[in-house]
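Enquirer: Structure below; questions to follow.
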Amino acid sequence: MKLAYWMYAGPAHIGTLRVASSFKNVHAIMHAPLGDDYFNVLRSMLERSRDFTPVTTSIVDRHVLAKGSQVKVVENTIKKAKADFPDLVLLTPTCTSSILQEDLTNFVEQAKNTISTDVLLADVNHYRVNEFQAADRTLEQIIKYYLEKEQKKNTLQTKKTETPSVNLFGFCTLGFHTNHDFRELKRILNDLDIKILNVFPENATVHNIKSIPSAWFNIIPYREQGLLCGEYLKQHFNMPYVSRTPMGALETSKWIQDIKKIITTQTNNITAKSLALKNWEKNKKDYSLYIEEQTRFFSQSSWFSKSIDCQNLTGKKVVVFGDVTHAVAMTKILVKEMGVFVVCAGTYCKHDGDWFREQLQGYCREFIITDDFNEVNKIIAHYEPAAIFGTQMERHSGKKLGIPCGVISAPVHIQNFPLGYRPFFGYEGANQIADLIYNSFTLGMEDHLLEIFGGHDTSFSNSNKLDTPTIDSSLTWDKESLAELQNIPGFVRGKVKRRVEKFALQENVTLITREILYAAKNSA
Amino acid sequence: MTNIQKSNSLNFECETGNYHTFCPIGCVSWLYQKIENSFFLVIGTKTCGYFLQNALGVMIFAEPRYAMAELEEADVSAQLNDYTELKRLCYQIQQTQNPSVIVWIGTCTTEIIKMDLEGIAPKLEQELGIPIIVARANGLDYAFTQGEDTVLAALAYRCPDAEIDSDEPQLVLFGSVSDSICTQLSLELKKHEITVNGWLPSRNYSDLPKLSKNTFVSGVNPFLSRTATILMRRRKCRFICAPFPIGPDGTLAWIQKICSVFNKKPINLEQTAQKVWATLADFVTFIEGKSVFFMGDNLLEISLARFFLRCGMIVYEIGIPYLDKRYQSAELDLLRLTCQEKGVPFPRIVEKPDSYNQIQRIRELSPDLVITGMAHANPLEARNITTKWSVEFTFAQIHGFNSARDILEIVTRPLRRNINLQTDILSTNSFVQEAGDFALTM
């Protein structure tokens with residue numbers, strides 16, 4: 001057993017449901033007790049979805065415990081198939097149903113005998129994988145199932161398109177800014193004259209799956225979901241994939257170069273070039289020129305990092321925490337594009353910790369790979385960075401410590417499902433991120449200026465109250481030292497106070513005087 | 001109309017139970033706030049934790065006095081010993097939080113793996129020297145607010161015995177309401193010379209009310225049937241079956257019933273109720289004749305429907321997760337009486353409803369307002385059906401005379417919003433029209 005107050009990644013079935021409900025005309029039936037259909041609330045509230053979430057529950061209650069849920073699950077599946085005509089019904093086990101150890105595979109077979117709808121059992125273990133791993137697994141399962149099915153029917157479209165084309169993977173419901181990210185990638189691919197054949201799973205139908213192999217390559221921008229598909233398609237259909245995250249101006253440029261490499265190799269391999277391809281090659285954009293154009297003129301972020309405003313950010317300490325995709329990309333941007341000092345970078349995707357470390361080798365002083373928010377909180381309190389880039393949880397930790405926080409990764413709340421266009425990917429994404437970074441810091445800077453010129457907090461100088469609690473109750477500050485402390489700008493006052501107190505404890509002094517204060521200052 | 005007058009009984013239906021509601025462990029969110037210095041430990045899986053984290057919203061960041069004891073694979077497959085594991089966690093809680101009571105919330109998983117929480121608790125209680133209460137608030141057996149029922153039923157066993165020598169009848173009220181509502185209801189009864197001797201739950205675990213066979217108990221919430229049963233059977237208390245003090249009509253009937261049990265003549269009660277109704281006049285005129293459909297998810301439905309009927313609304317359907325006809329009998333009687341006095345047909349009461357079927361019925365009836373959970377609210381709004389999400393009634397103050405206006409405030413809000421928006425900008429026609437009008441005035 002583990003004492004837990006907060007979790008970064010949800011349970012496995014949430015991942016499965018996110019994938020299932022992203023597809024069009026796929027219905028998920030959860031095998032779960034009453035109240036576990038909380039996913040529907042998330043989708044309806046956070047995404048403000050206009051449609052009923054295609055997820056229903058086959059309720060596990062006392063009767064089910066006594067008799068088994070066979071009849072009920074099969075009945076519910078058939079009922080749903082007959083009422084809504086989905087292409088696929090995905091039976092989704094939950095943590096409760098996985099300990100019941102009922103033969104759900106058998107129920108799926110039984111339902112299949114009655115209806116012509118496809119029925120699948122989501123193959124995830126609740127006690128071993130989290131939301132992200134399950135999403136990855138479920139997407140692969142569905143794609144694989146239909147590719148094999150089409151293969152048997154001989155209806156698989158393996159003939160490559162005449163001009164370069166691509167499938168995009170990993171865009172799904174309740175993802176962090178995924179809709180906006182997709183629009184941005186679509187714009188870039190369109191500029192490069194690369195045809196988007198399919199996007200999975202958001203808004204795709206299962207009928208789209210059979211055309212996957214006719215694309216030239218695959219793009220998997222999110223590390224958390226889609227990689228299994230990418231690997232599967234590479235092995236079975238010899239399709240290369242780009243798994244770089246096009247976040248930040250530098251990485252987006254590299255991402256375009258990755259694409260260029262694949263396309264060049266593939267076009268070189270084609271001996272009999274069609275007229276369309278010849279035309280395509282003739283009119284093809286110069287990729288390097290495109291990158292330069294976009295970086296210099298479309299995106300303002302590279303100019304921004306050169307402008308004098310950005311000088312103020314040099315060497316500022318920050319802590320980054322989030323899922324692997326966003327935490328890695330963000331750290332790279334902060335270090336390489338903004339000159340900010342990432343004192344600690346971390347992720348809660350413990351299953352992918354090695355990759356995380358490998359990616360950020362040399363980018364930050366320390367790594368934190370944990371799913372315990374208290375540990376992250378401790379790190380933040382310890383370093384007292386000028387800003388945090390993290391999840392909704394770090395935003396709250398920051399609030400308590402008076403440190404500004406930019407939200408860069410799920411889990412997020414409703415305000416991070418913005419109505420306006422806010423991609424994190426591509427060149428427009430780079431602009432958005434630059435704003436996010438700058439705004440987080442200026443808030444801190446404004447605060448600092450206000451403190452120096454006594455803009456607010458005037459009540460403070462009239463009282464002996466300190467805004468941060470004393471670390472040890474045995475310590476007292478005398479009048480003079482307290483007055484001296486008040487002269488220190490508010491945004492570092494807490495830090496100074498703690499340092500002096502630690503010093504006093506070390507020196508076995510209980511009354512803090514001005515002498516102690518300065519001794520502490522000089523000792524550092 | 002004559003037909004309705006003749007049939008004197010309500011009709012009850014029961015559907016498949018495929019409906020949306022919150023898990024009963026959700027009760028933790030209001031109970032930890034109510035019982036100061038308590039700590040709620042939910043023994044369950046990631047699924048439970050994820051629900052609480054999302055349902056509690058910002059409360060989770062306020063360092064709440066609750067936590068998950070997250071079961072891992074080794075717990076489920078009995079490779080770890082439940083007793084030592086729970087001891088370790090509770091010791092940790094004791095060291096860091098120092099609560100005066102720990103409440104264990106059993107979940108679906110502890111039920112299925114048959115973890116003997118009731119057996120382990122007394123042993124650990126002795127070893128750690130802190131009371132441990134066990135409540136099985138799981139989704140296998142209960143819906144949403146019934147979670148509170150399981151906790152209060154468990155607390156009822158812990159209430160101290162009252163001194164036997166006093167023959168004076170005592171009054172204890174049960175149901176978790178805010179302190180301000182407790183005070184208001186107590187003061188309301190005091191006007192008629194009735195003293196409230198205690199509340200279950202009390203603000204502090206150490207202040208649980210004393211109980212004996214001379215104690216009369218009355219519930220303030222419609223979902224506390226288990227607690228009522230325990231108080232009657234185990235603690236030998238005498239149960240006052242009354243409608244619930246929700247809406248001025250409910251509050252009036254509730255006080256009248258208690259007065260009659262205590263042989264007191266209500267003082268100016270009718271006048272007080274009338275005064276309250278007078279203050280509601282604007283809202284009542286507004287909702288009169290409008291129709292409402294309860295999809296059902298928190299067991300407050302009968303009482304709210306009864307109040308809305310009294311306000312002149314038409315109730316098509318009362319969906320409800322579970323209906324204890326004995327515990328709610330006085331409330332059901334008042335519902336029947338209200339329909340008869342208002343000359344409206346009895347609403348259809350659907351226990352364990354089926355959301356899918358309900359949505360078909362909503363489409364046919366197109367009611368003016370659907371009271372529903374958040375899973376259905378936005379999709380229904382997108383289909384031009386006005387909704388009020390039901391959870392708000394659980395968290396708002398709805399008891400007593402002074403809260404009547406708040407209830408109507410909540411229920412009329414979506415309807416008032418519609419009027420304020422004036423034009424439905426989603427309908428292209430009206431938007432184009434408006435834009436055209438605007439251009440003309442330029």
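Easy rule for this one: first residue shown is 1, then count along the chain.
Glycine is no exception: its Cβ is also placed from the backbone N, Cα and C atoms.
The feature domain 'Nitrogenase/oxidoreductase component 1' is assigned by TrEMBL to A:12-441. Feature annotation from TrEMBL assigns [4Fe-4S] cluster binding site to A:D36. The active site, proton donor annotation in TrEMBL covers A:D309. Per TrEMBL, substrate binding site is recorded for A:G444, A:M445.
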Enquirer: How long is the line from the C-alpha of A:D36 ([4Fe-4S] cluster binding site) to the C-alpha of A:D309 (active site, proton donor), rounded to the nearest angstrom?
Expert: 49
Enquirer: Most Cβ neighbours within 10 Å: which of the recorded positions A:D36, A:D309 is it?
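Expert: When each Cβ's neighbours within 10 Å are tallied, A:D36 tops the list.
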Enquirer: Given the model, what does the mean pLDDT over the domain 'Nitrogenase/oxidoreductase component 1' (A:12-441) come out as?
Expert: 93
Enquirer: Sort A:D36 ([4Fe-4S] cluster binding site) into helix, strand or coil using the DSSP assignment.
Expert: coil
